[in-house]
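Report on one structure; see the data block that follows.
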Amino acid sequence: MTATYAYLQKQSAQAHTETGETGLHAPHLPWEHHSPFKTFDHAAIRRGYQVYKEVCAACHSMDRIAFRNLIGVSHTSDEAKSQAEEFEYQDGPNDEGEMFQRPGKPADYFPRPYANDEAARAANGGSLPPDLSLMVKARHGGEDYVFALLTGYEDPPAGVEIRDGLNYNPYFPGGSISMARTLFDGVVEYEDGTPATTIQMAKDVTTFLAWAAEPEHDDRKRLGLKAVIILSALTALSVWLKRFKWAALKNRKFRFIPPTK
Amino acid sequence: MRSFKSQPILSLCLIIQIITGVTLAMHYTSHVDLAFIRLYYGSYRKPRILLWSIGGFSVDNATLNRFFTALIVLHLISLHQHGSNNPVGITSNLDRIPFAPYYIFKDLIAIFLFYAPNYLGHPDNYVPANPLVTPPSIVPEWYFLPFYAILRSIPDKLLGVVAMFGAIVILLLLPILDTSRIRSKAFSPLNKFFFWIFVSNHAEEPFIFIGQICTLFYFAYFLILIPIIGYTFS
């Protein structure tokens with residue numbers, strides 16, 4: 001995958017002049033989970049969660065994912081519990097009618113970095129960091145786009161002016177994006193010892209986001225395999241049946257009898 | 001000839017149904033009653049006629065169920081009268097077969113369901129709705145694209161809507177307009193050629209012009225070409 005990436009990156013450098021309103025087309029990468037017989041790379045989901053938690057979560061919310069969703073996917077239930085306990089949630093009211101803070105439970109959704117959209121805009125120069133729960137499904141190119149965006153930061157080419165506070169990224173529609181490059185080699189220290197290069201982190205966090213957008217993915221494919229096996233047996237059966245139904249039609253003979261005067 | 005009529009009526013019903021659903025979603029209100037009470041209910045004085053047909057005081061699940069049921073009944077009637085698909089257009093009364101090939105083909109859908117559920121979807125559907133942001137382009141389902149193109153290529157709004165509905169209603173005139181003795185295009189190459197000119201989308205310049213030409217052609221096809229072709233061939 002790294003080799004493909006390096007090759008495509010070289011190619012895209014030549015295509016920069018074509019970056020228009022729609023952004024540079026994200027190169028297609030061979031994601032492992034795109035194969036019909038593969039599940040997600042769950043080790044990558046676990047690493048990607050770490051990247052999200054330590055890097056992305058500073059600005060981006062993930063409202064639709066709860067800590068309990070991690071159980072059996074990337075974390076054990078004890079681990080998910082301790083992940084949730086790292087955050088404080090408001091709960092209540094208690095017996096005195098007061099709201100109180102308590103440590104998170106697995107049933108809690110990921111905490112939001114900002115109290116509301118206005119606070120998020122105020123802290124980010126007017127731009128709203130979008131919620132990442134469905135991000136992979138909500139952009140053209142899906143995983144490829146997210147990966148290309150995270151790794152595509154570079155200096156603007158000659159002739160391209162970028163406003164203060166914005167950054168140049170050829171994959172972003174329009175070319176200037178509020179989000180600065182966040183993934184630098186070694187920004188995260190992986191617990192499984194994987195070297196945290198920019199590409200590795202981008203791949204892991206994209207896999208994590210792909211899982212978040214389609215948590216049913218593994219079950220879907222597993223069920224699909226069963227369905228295809230059963231349905232192809234049934235199809236064979238119905239083709240066999242069809243031969244009987246059509247026999248009368250296929251075996252008849254037409255004869256033209258000219259009208260007699 | 002009767003099948004000519006039932007198809008446009010069915011498609012008209014389906015379009016009303018879809019637009020009803022879309023309007024329901026677009027009203028941005030969790031109260032279905034509020035969104036629809038004006039459209040279908042009219043007055044509080046004479047509620048009973050509609051009560052029966054829509055199945056409640058407002059458009060709701062019961063209405064959709066009735067609509068679906070009506071569509072299925074219409075389909076079954078036309079299937080019973082005219083048999084399954086008949087692409088050749090020669091009378092098929094001798095060749096009645098059960099649904100056979102169609103239930104086999106249907107199984108292919110399972111592949112999409114399990115391996116590419118978003119294949120016919122659009123990423124915009126996963127972006128949270130925001131009434132303050134205008135999307136760059138309207139993305140109707142592909143089977144609405146021709147009507148969207150008709151609507152867009154006519155500058156006058158009312159005329160556009162009239163033309164859009166006219167595009168469906170004109171199909172009702174087919175039995176009168178089509179004088180060919182054989183229904184299928186397989187035997188008339190001229191007809192085939194004109195049919196394939198129907199093909200376009202996007203609110204940008206070349207497409208608008210193409211859309212206008214195509215809209216003109218669409219109506220000309222039914223009003224002028226079909227009678228002429230039918231006449232010359234028979």
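Quick reminder: no glycine exception, Cβ is built from N, Cα and C everywhere.
Record features, source TrEMBL:
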type	residues	note
DOMAIN	A:43-195	domain 'Cytochrome c'
BINDING	A:CYS56, A:CYS59, A:HIS60, A:MET179	heme c binding site
COMPBIAS	A:89-98	compositional bias 'Acidic residues'
REGION	A:89-108	region 'Disordered'
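Structural mapping of features recorded in TrEMBL.
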residue: A:CYS56; record: heme c binding site; Cβ within 10 Å: 23
residue: A:CYS59; record: heme c binding site; Cβ within 10 Å: 19
residue: A:HIS60; record: heme c binding site; Cβ within 10 Å: 21
residue: A:MET179; record: heme c binding site; Cβ within 10 Å: 19
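Residue annotation for heme c gives A:CYS56, A:CYS59, A:HIS60, A:MET179. The furthest Cα pair among them is separated by 11 Å. Note on the compositional bias 'Acidic residues' (A:89-98): DSSP counts are 0 helix, 3 strand, 7 coil. Mapped onto three states, the DSSP output places A:CYS56 (heme c binding site) in helix.
Cβ proximity to the heme c site centre (mean Cβ of A:CYS56, A:CYS59, A:HIS60, A:MET179, cutoff 8 Å) flags the following additional same-chain residues: A:VAL55, A:ALA57, A:ALA58, A:PRO113, A:PRO129, A:LEU132, A:THR182.
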